[in-house]
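According to Swiss-Prot:
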BINDING   23-30, 66-70, 125-128  GTP binding site
LIPID     Gly2  N-myristoyl glycine
Amino acid sequence: MGGVLSYFRGLLGSREMRILILGLDGAGKTTILYRLQVGEVVTTIPTIGFNVEQVTYKNLKFQVWDLGGQTSIRPYWRCYYSNTDAIIYVVDSADRDRIGISKDELLYMLREEELAGAILVVLANKQDMDGCMTVAEVHHALGLENLKNRTFQIFKTSATKGEGLDQAMDWLSNTLQSRK
């Protein structure tokens, strides 16, 4: 297991937690999934459908679902919402042209009753790219300041470099632990 996964082993109870990784196509969802699972970047192709992996962080078991982000696939995200403990929403911080679409998809998803209690982790990904939006810009562009009754946090990440993922997963695990 990668460093991030072994880092979480023993932290929480043994109940399997259901995590969805969502976001537009090309945001870095699959790269993040496998960076968390094996601790390194693997070659990926666009996800048509989903990838699902079982991962263990310390004592907490995760069933992590990486759902494709193409326009034609997004309507099917709702088929996976049931019993979700947390959502990792990945944003391509370098894609200024589609940040409005990302906001619309995020807000549409968060209106779903099945996700009412799910923790939200927003990853402002691709922070290593020139001209990318800052975390504050992504926060504002997504309208996160308007979220009410939702436990959430945003993190600056670079999936390819592995930056920021430990902090995000540490916050998520601590937040899940506090709900036990």
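Cβ coordinates are placed from backbone N, Cα and C, and glycine is handled just like the others.
Sequence-distant contacts of Leu67 (GTP binding site), defined by Cβ-Cβ distance under 8 angstroms and a gap of at least six in the same chain, are Leu20, Ile21, Leu22, Lys29, Thr47, Gly49, Phe50, Ile73, Tyr76, Trp77, Tyr80.
The binding-site residues listed here are Gln70, Gln127; among them, Gln127 has the most other Cβ atoms within 10 Å of its own Cβ.
In this structure, Gly26 is the one among the binding-site residues Gly23, Gly26 with the smallest number of other Cβ atoms inside 10 Å of its Cβ. Lys29 (GTP binding site) falls within a helical segment according to DSSP. Around the Cβ of Lys29 (GTP binding site), 30 further Cβ atoms fall within 10 Å across all displayed protein chains.
Leu67 (GTP binding site) falls within a strand when secondary structure is assigned with DSSP.
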